[in-house]
Amino acid sequence: MTTNLPFSSPSKQLNRFSFWQSISIPWVVTIIYLLLILVLPIAALLVKSASLGLEGFWQIATTPIAISTYNVTFITALAAGLVNGVMGTLVAWVLVRCQFPGKKIVDAMVDLPFALPTSVAGLVLATLYSQTGWVGRFFAPFGIQIAFSRLGVFVAMVFISLPFIVRTLQPVLQELEEEAEEAAWSLGATEFQTFWRVIFPPLIPPILTGIALGFSRAVGEYGSVVLIASNIPFKDLIAPVLVFERLEQYDYPAATVIGAVLLSVSLILLLIINLLQQWGRRYAND
């Protein structure tokens, strides 16, 4: 009696051998590094939150104070992203198309939120926008309180997310051919028509990408917001600060669940950003 053994073609064996032969030390180091720095912390958070069960997770994630912090965090971050979508586009346009004294200094200042420690940024913003600060004193007579309110949270999120839209747009603006604009003008188009029909369409993907990047950065902001906000529940308390407060109270399950919610939102945003970038590349190729 004969037994037919499974046959593996030489080409498949060669492909497997070639794969293992192609693995190099940099590849191994990269995988280990990413596992330790990115994958394991995320996996630990997800496993910890999953251990509570669906019902326990839902009860903690939907408490009134948690829902209030989601509202403050996500809506304020979205508002900051939309404002920077407009003003960041204007800043990028000026830096690319206009020549003026001190342009390099202004361009370098755009990256200040990247370099400045967030706690220092929060301290500076709270000092400027308090009712006795250089800026806040002009709004105080009208009953407008910026620092230690939700408006202060908005200002901090605008500050830390501005570079994302500017730096995303600048390369696209630099690659736009001015000949297309000149052709539109020669055909009788106004400046507004030229901008709306020739310049603006290629800018839509990077603008949306910049807004998404700024939004995701603002959602996770802690250092600058905690100093300019009053951090009062149901007023201007944001989700990252609530996570820290729960850790201070040794309420690790609540901190884990709220952190998992923020992580889920961040992963969804990363997916959206990747889709927007692919759309932008296809649009540029077309």
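FYI, residue positions are counted from 1 along the chain as it appears here.
Each residue, glycine too, has its Cβ placed from N, Cα and C.
Source: prediction; values computed, not measured.
The domain 'ABC transmembrane type-1' annotation in Swiss-Prot covers 70-273 and is backed by sequence analysis.
The transmembrane segment feature in Swiss-Prot is assigned to 27-47 (among others). Under 8 Å from some Cβ of the transmembrane segment (27-47) lie the Cβ atoms of residues 256, 259-260, 263, all in the same chain and six or more residues away from its ends.
Feature annotation from Swiss-Prot assigns transmembrane segment to 74-94 (among others).
The transmembrane segment annotation in Swiss-Prot covers 108-128 (among others) and is backed by sequence analysis.
Within the same chain, residues 72, 76-77, 79-81, 83-85, 87-89, 91-92, 95, 110-111, 113-114, 118, 121-122, 125-126, 129-131, 133, 135-136, 139, 207, 210-211, 213-215, 217-218, 221, 224-225, 228-230, 235-236, 238 sit at least 6 positions outside the transmembrane segment (146-166) and bring their C-beta atoms closer than 8 Å to a C-beta of that stretch. Per Swiss-Prot, the feature transmembrane segment maps to 146-166 (among others); the stated evidence is sequence analysis.
The transmembrane segment feature in Swiss-Prot is assigned to 195-215 (among others). For the transmembrane segment (195-215), the residues of the chain that approach it from at least six positions outside its boundaries are 77-78, 80-82, 84-85, 88-89, 161-162, 164-169, 172-173, 176, 180-181, 184, 189, 269, 272-273, 276-277, 279-280, 283-284, judged by C-beta separation under 8 angstroms.
What Swiss-Prot records for 224-244 (among others) is transmembrane segment, and it gives sequence analysis as the kind of evidence.
The feature transmembrane segment is assigned by Swiss-Prot to 257-276 (among others).
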